[in-house]
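Enquirer: Have a look at this one before I ask anything.
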Amino acid sequence: MCYIIKTFINHLLILTALPLSCSPLALLWLCLSQLPMSYMSCIFQLSPRRTDVLTVTPWLAPVVWEGTFDPMLIDAIYKPMNLTVAATVFAVGKYIMFLQGFLESAERHFLVGFRVHYHIFTDEPEKVPPLTLAAGRQIIVHKVHKLNRWQDISASRMQLIQKVIEDRVHREAIYMFCLDVDAKFYSRWGAEALELLVAQMHSWFYREQRHGFTYERNPASKAYIPNGEGDFYYAGALFGGSVGEVYKLAKMCHSHLEIDRANGIEALWQEESHLNWYLLHNKPSKVLSPEYMWDNKKGQPGEIKVIRFSQVPKNYKEVRENA
Ligand SMILES: [Mn+2]
């Protein structure tokens, strides 16, 4: 907002060719540039926000879109807190090929200026690229066994997330995000995403009606959501929140995946189906717009002003173990 006002005044000054020293507009410009951030935020709040998209859920959780927050103000609030954020990334089997692109782009855009611990789960630790990270950021590699089916790899994530929190993350970080590795960052993905329980509207379903969501519809599954229920279809590729909330989520989803497995049931989208069940019964306190995990196959519709993080287009036959 501040930037827009300044740019607008700058343009006016240039157009009217008024000398900076005596122009009343220049005085206004000076005043604006001297205003403390708290006043600037008031101006921002009084201006119209996004009206073309849903910006708050029926349970009053914000939905984060470009234009709904002031990144400078967000950083001014969160940076002094000196937070550590953990990020879990699974680079198992052929997915290791995405790790370098993921990490290099994350260093440019993901929570820049914050301490970030990347927890990389891989069956080939020697293939983790040697990268120099910004100060306060580190890579922690966890060796895992390669499972044969991608469905099992996906289902085992919840168990590994639960375990890494128990082992160390609960001591080391305040917030945590669980991210898919087959994606790259393109623009700011910042502290505006921090909250107790954070989920993202899936880029393929944010315009869909409830009946179009691909929830698990088998009543025998622990991920069952009946027709007529459900808020959003959330992406399995991105969720997070406080370490405590992510722990509760991972523990319950893992136990539900195990119960289903014991009963010979595999939910339609495995982990994602169980995540959607959990988030229906435990509402996220912040919902991220599809900007936060986009799919470039969908182009860039007008409401997507910024693509912050997006899936790398891939041939499933090349990367999945049993596609
Ligand atoms: Mn993925």
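The chain as shown is numbered from 1 upward.
Positions of Cβ are set from backbone N, Cα and C atoms, glycine also.
If you look up TrEMBL, you'll see 12-30 marked as transmembrane segment. Annotation comment: TrEMBL describes PHE90, ALA91, VAL92, TYR95, ASP180, VAL181, ASP182 as UDP-N-acetyl-alpha-D-galactosamine binding site. What TrEMBL lists as Mn(2+) binding site is ASP180, ASP182. The active site, nucleophile feature in TrEMBL is assigned to GLU272.
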Enquirer: How many Å separate the two farthest-apart Cα atoms among the UDP-N-acetyl-alpha-D-galactosamine-binding residues PHE90, ALA91, VAL92, TYR95, ASP180, VAL181, ASP182?
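Expert: So the maximum pairwise Cα distance among the UDP-N-acetyl-alpha-D-galactosamine binders is 11 Å.
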Enquirer: Cβ within 8 angstroms of the Cβ centroid of PHE90, ALA91, VAL92, TYR95, ASP180, VAL181, ASP182: which residues besides those meet this for the UDP-N-acetyl-alpha-D-galactosamine site?
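Expert: My list of surrounding residues reads VAL89, ILE96, PHE98, LEU99, PHE102.
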Enquirer: From ALA91, ASP180, VAL181, ASP182, which binding-site residues have a C-beta atom under 6 Å away from some atom of ligand 1?
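Expert: Cβ under 6 Å from ligand 1: ASP180, ASP182.
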Enquirer: Among all the protein chains here, how many other CB atoms are within 10 A of the CB of VAL92 (UDP-N-acetyl-alpha-D-galactosamine binding site)?
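Expert: That number is 22.
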Enquirer: Which secondary structure state does DSSP assign to ALA91 (UDP-N-acetyl-alpha-D-galactosamine binding site), in the simple three-class scheme?
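Expert: Note: ALA91 (UDP-N-acetyl-alpha-D-galactosamine binding site) is coil by DSSP, not helix or strand.
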Enquirer: Reduced to three states, what secondary structure does DSSP give GLU272 (active site, nucleophile)?
Expert: helix
Enquirer: Using a 10 Å radius around its CB, how many other CB atoms surround ASP180 (UDP-N-acetyl-alpha-D-galactosamine binding site)?
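Expert: For ASP180 (UDP-N-acetyl-alpha-D-galactosamine binding site), the count of other Cβ atoms within 10 Å is 20.
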